[in-house]
Each structure stands twice: as C-alpha cells, then as structure tokens.
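Before any comments, here is the structure.
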Amino acid sequence: MAEQEPTAEQLAQIAAENEEDEHSVNYKPPAQKSIQEIQELDKDDESLRKYKEALLGRVAVSADPNVPNVIVTRLTLVCSTAPGPLELDLTGDLESFKKQSFVLKEGVEYRIKISFRVNREIVSGMKYIQHTYRKGVKIDKTDYMVGSYGPRAEEYEFLTPMEEAPKGMLARGSYNIKSRFTDDDKTDHLSWEWNLTIKKEWKD
C-alpha cells in the first residue's frame, strides 16, 4: 500500500503547531575573557588558583592558532532499538550527507549526541540549532542550549533530551535537516545538512 503524502495545508499546520512551542530567551552574554586573562586574574590567591586549575585544567594557551577553536566531530542518533550505529563523521565530506539518509522507525525514542572539541579559549553559550523541512516546507525549528566549555584534550559530548520520532501514515517519509553549531558571538562553528527517513519498520 502506497504511503499517503501530507498536503501543503497539513505541512503548514504542523509548522504552525511547532512554532507555538518555540521560545526565545532574552539573554545577554557576559564579556569574553581569554584563558590567559582568567589565569592572570588574582594569581596570588592560592585557593582561587587551585580552583581555576580544577575548572580549566593545565591549559596550554599557545595552541596552534591555525586550528579552529571549536571542532565539531560527530553527530550520533542514540537509539537503543536501532539495529546498527547511526552516526555522521563531521570531519569529512559534509556534502555527501545530502545523498544519504538515516532510517528511523516511527515512534521510537531517540536522542541526538554531538561530539566536539574546544582547543584554545573558553566558548560561552554554545547552541545546537536544527531546522527540519518536509517537501521544502520548514515544519520545525529547535534550539538546544549546549553551554560554556573550556579547552581540553578530550572531546566533549552533548546529548539532547529524549524525543519520540513522529508516527503514523502522514509522518512517514523523508525529512531534510539543517544543523548549525554556534555560540553567543554568533560564530558558525559548523553548519551541515542531513536527511532522515521515517519508516514503519527499521527495514521495510
């Protein structure tokens, strides 16, 4: 039996319902300071120095200036019932993602995991922004506040709250997703597009 495609009116209705759930936060970011400036502040205060070291680690501020401060390495769809890994390597050819698609079974619970590194300076107010399109119509926009992070050798991981994949005949089909990783300074650390296909079963 052929899948029933949603009409333009139904897509507009979905977009309107999702728009009602969007909230803008009136937030003014603090003035940015470099790691070196933070380490120099109150450097004679031993307890404060130890606190900063615990917070920031022993940071080498002379990191290669040619390497981006923030590198987003992977996007993973975390789903306990998935038959295999659902992962995008964001250090490679981003254009290739437009030609492939994740398959997600309708109604399953999943989370999005973003893996990233911070190399030199503290980054304040990082956000993961996701716009979802169906047949060229934007039906959803979600902003996730990732937070502020300092440099370290190990990768950080950010997990979105648990979500449920859409379900039902009208929900099945292909979705185009435009993702962006940004911060308080509106620096575009990485933007990429990827595709998601909602199916009745993992493989049908």
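Glycine is no exception: its Cβ is also placed from the backbone N, Cα and C atoms.
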Site from K99, K141, K167 that Swiss-Prot describes as N6-acetyllysine, others unannotated there | K141
From S24, S34, S96, the one Swiss-Prot labels phosphoserine = S34
Record feature N6-acetyllysine (Swiss-Prot), assigned residue among K43, K186 | K43
Count of other CB atoms lying within 10 Å of the CB belonging to K105 (N6-acetyllysine) | 19
Distance from K138 (SUMO2 cross-link) back to K127 (N6-acetyllysine), taken between C-alpha atoms, in Å = 20
